[in-house]
Amino acid sequence: MKIAVLPGDGIGPEIVNEAVKVLNALDEKFELEHAPVGGAGYEASGHPLPDATLALAKEADAILFGAVGDWKYDSLERALRPEQAILGLRKHLELFANFRPAICYPQLVDASPLKPELVAGLDILIVRELNGDIYFGQPRGVRAAPDGPFAGEREGFDTMRYSEPEVRRIAHVAFQAAQKRAKKLLSVDKSNVLETSQFWRDVMIDVSKEYADVELSHMYVDNAAMQLAKAPKQFDVIVTGNMFGDILSDEASMLTGSIGMLPSASLDKNNKGLYEPSHGSAPDIAGKGIANPLATILSAAMLLRYSLNRAEQADRIERAVKTVLEQGYRTGDIATPGCRQVGTAAMGDAVVAAL
């Protein structure tokens, strides 16, 4: 099995190195091939997603991705900025389903900004559609307003749109995920205001007829954002569009105490996927050896589970992470009084030892 390893920028190389260390410690050996991406790709080839990197990603069975982005590239034109690499990979590999778990480990309850009783036992899966919605809808741009109270003045505009096949395929993914959990699925939209959201809701209801064992419910996105902070344990699997999912998954991540604990998977129709931590490249702490590698290590576990069909090995990694937390190991972002605070490499070593 070939894994494309794309460390990227900032803390990306440091945290990916620890995930690779864990993969190499397993009984099974994988072919790991590294390539530059993001700012590193731009430095190597003049583009954030070099042709050779894209070719490797297409050829591999799965992709382990670090993070991209750095302030020093902010002056580049948009198409050349590091962040375009992840958008390009999603597009070229047809990755349309994003899985973002939000799990509050018992050992980290006190690190959450919410009261312990609100987050103890929290286990949410957010399924976000990645390829449609207002992020990619056309037309978009800046122009002189053709009408309205400020006709002739400059205005910015975007287009929110979803096709039925796009909604149906993410619906099936979400329903199937719910079948493997508590058989509850919440669809989040804004159907009281947006035609696109009403269409989304109608398609979700239609697809639900194929999943009689799953209870489908609906919630407006503003209420969902409030309920995530008020009573997050009411949720199990949430499915939503690209923009709403982008916002809600970041909110859910902070319920757990640190975004440094949260993995993510972006999958195509055949479960080939790109796996990355939910956090960014954090250039302000790059090279200091203090970044939390656990989200990336857990992303490697998701890679084994979903793309390589190695559930037993994925379970081993997840158990090892829990063991390390039980032993009191903490990076600075999740440190609590009395813990054993360690750096990036030492945390990776602890997970390997726990294996």
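Note: Cβ is positioned from N, Cα and C throughout, glycine not excepted.
Annotated substrate binding site per Swiss-Prot: Arg90, Arg100, Arg128, Asp222, in sequence order. Other Cβ atoms within 10 Å of the Cβ of Arg90 (substrate binding site), summed over all protein chains shown, number 18. In the three-state DSSP classification, Arg90 (substrate binding site) falls within a helix.
Under the DSSP three-state reduction, Asp246 (Mg(2+) binding site) is assigned to helix. According to Swiss-Prot, the Mg(2+) binding site annotation covers Asp222, Asp246, Asp250.
Around Lys288 (NAD(+) binding site), a 10 Å sphere centred on its CB holds 13 further CB atoms from the protein chains shown. Mapped onto three states, the DSSP output places Lys288 (NAD(+) binding site) in coil. Look at Swiss-Prot and you will find Gly280, Ser281, Ala282, Pro283, Asp284, Ile285, Ala286, Gly287, Lys288, Gly289, Ile290, Ala291, Asn292 tagged as NAD(+) binding site, backed by sequence analysis.
Under the three-state DSSP scheme, Tyr135 (site 'Important for catalysis') falls in the coil class. Non-local contacts of Tyr135 (site 'Important for catalysis') by the CB criterion (under 8 A, 6+ apart in sequence, same chain) comprise Asn242, Met243, Asp246. Taken from Swiss-Prot, the feature site 'Important for catalysis' covers Tyr135 (among others), and the record attributes it to sequence analysis.
Annotation comment: Swiss-Prot describes Lys190 (among others) as site 'Important for catalysis'. All protein chains considered, the CB of Lys190 (site 'Important for catalysis') has 21 other CB atoms within 10 Å.
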In the three-state DSSP scheme, Arg100 (substrate binding site) belongs to strand
Check: min Cα-Cα distance from Gly280 (NAD(+) binding site) over recorded positions Arg100, Arg128, Lys190, Asp250 goes to Asp250
Ten-angstrom check, please: count other Cβ atoms within 10 Å of the Cβ of Arg128 (substrate binding site), all chains counted. 27
If I take the Cα of Asp250 (Mg(2+) binding site) as reference, which of the recorded positions Arg100, Arg128, Lys190, Ala282, Asp284 has the closest Cα? Arg100
Of Arg90, Asp222, Ala282, Ala286, Lys288, Ile290, i.e. the binding-site residues, those within 10 Å of Lys190 (site 'Important for catalysis') when Cα atoms are compared: Asp222
Taking Cα atoms as reference points, which of the binding-site residues Asp284, Lys288, Asn292 is nearest to Arg128 (substrate binding site)? Asn292
